[in-house]
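Look at TrEMBL and you will find Lys159, Lys260 tagged as active site, proton acceptor. Sequence annotations record features per position, and here TrEMBL assigns Mg(2+) binding site to Asp186, Glu212, Asp238. Sequence annotations record features per position, and here TrEMBL assigns domain 'Mandelate racemase/muconate lactonizing enzyme C-terminal' to 140-234.
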Amino acid sequence: MKLILHPIEIPLRHPWTLAHGTRTVQRNVVVELHDEQAGLSGFGEAAGIPYFGVTTATLIAALEGVRGVAEGVPLLDPESWWAGLAPHLAEQPFALAALDAAAHDLWAKRAGSTTRRMLGFGEDEAAYPPSDFTIGLAEPDAMAARLAERPGFPVYKVKLGSGDLAADLARVERLREETDAPLRVDANTGWTLEQAIEAGPRLVDLGVEFLEQPLRVDAPEAERRRLFEESPLPVIADEACFGEADVARCAGFFHGVNLKPAKCGGLTPALRMAAEARDLGLRVGVGCMTETTVGISATAQLLPAVDFADLDGALLLADDVVASAAAGVTLDSGRLRFPPSAGNGVQPAAASLLRLRTASV
């Protein structure tokens, strides 16, 4: 088995602003595991996210550091293969997740099956939760314009956390003028306890479903407990639920968790986290980074295991590594559409990988 790395750079459709900052370009690494004997390749993707200290340079260094293990350990099943790699990438979950996605893809392709079926899930797309579409933090009219570009979604996620609560609420009010669809608010740790409590009743009136990660991860336990008990909206953990050990810590402080394979190290641990969260009575969601169809197709395999989803990352990009919609999982007005092909359902185009290849590593 051969490990091939494809560093890529893609402009964003619009500047992407969260409480943590703004970016206009996305730099990722597409990971390919090539089985020369079978003539098959599995694909995964790692997104460069500066907020987490993850860049194409750190990703490539981490992946090159485990090349010998990745190429030398037989891929009998993704879980055991992941277990062999995980100790070497304990501090690099984004890289580990990309390898795990590629392993699942190749494993299922070898079997001539879909990854969902190999994981024991049904393939009725209508039974899966829809994905929201995310509106990045901007001025109210600009956010309304972003929503207008993507009409017809059954739910929208709204990025807030500017530090000015009145301005944040004005953003939600402006979006409510544009759509009757439910909204989800994600403050990305940008609010204080007082702001989160004050915002709750107004957000309920505005048709918001839940409030995601309003407080800092290191907010005092008493503050997190108070918000959990007093919020009129369910409070969902994102930044506070990074890896497997965090699920139990979220119980009693959050009503649900938003799992991201990139943060926890892949589909393998994400499946375990989803099961544990359900056992603890938590709602379970799945989210993505700003990824191409390669990353979205991998994470979409988790849809049968969750209650809500945020898998719009590829729509935020001005380009993609697939040549057509049939070459991967696509998002159509909130519904994820799976191609009939095996594995994760994705096949990047060699020409696109070459065209988007970046020398900035």
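The count begins at 1 with the first shown residue.
Every residue, even glycine, has its Cβ placed from backbone N, Cα and C.
Location within the structure of each feature annotated in TrEMBL.
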residue: Lys159; record: active site, proton acceptor; Cβ neighbours (10 Å): 23
residue: Asp186; record: Mg(2+) binding site; Cβ neighbours (10 Å): 27
residue: Glu212; record: Mg(2+) binding site; Cβ neighbours (10 Å): 29
residue: Asp238; record: Mg(2+) binding site; Cβ neighbours (10 Å): 23
residue: Lys260; record: active site, proton acceptor; Cβ neighbours (10 Å): 23
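Using Lys159 (active site, proton acceptor) as the reference Cα, a 10 A cut-off selects Asp186 from the recorded positions Asp186, Asp238, Lys260. Residues of the domain 'Mandelate racemase/muconate lactonizing enzyme C-terminal' (140-234) grouped by DSSP class, helix first, strand second and coil last, total 45 helix, 13 strand, 37 coil. The CA atom of Lys260 (active site, proton acceptor) is located 15 Å away from the CA atom of Asp186 (Mg(2+) binding site). Summary of the Mg(2+) site environment: with the site residues Asp186, Glu212, Asp238 set aside, the chain residues having Cβ atoms within 8 Å of the Cβ mean position are Lys157, Arg184, Val185, Ala187, Asn188, Leu211, Gln213, Ile236, Glu239, Asn258.
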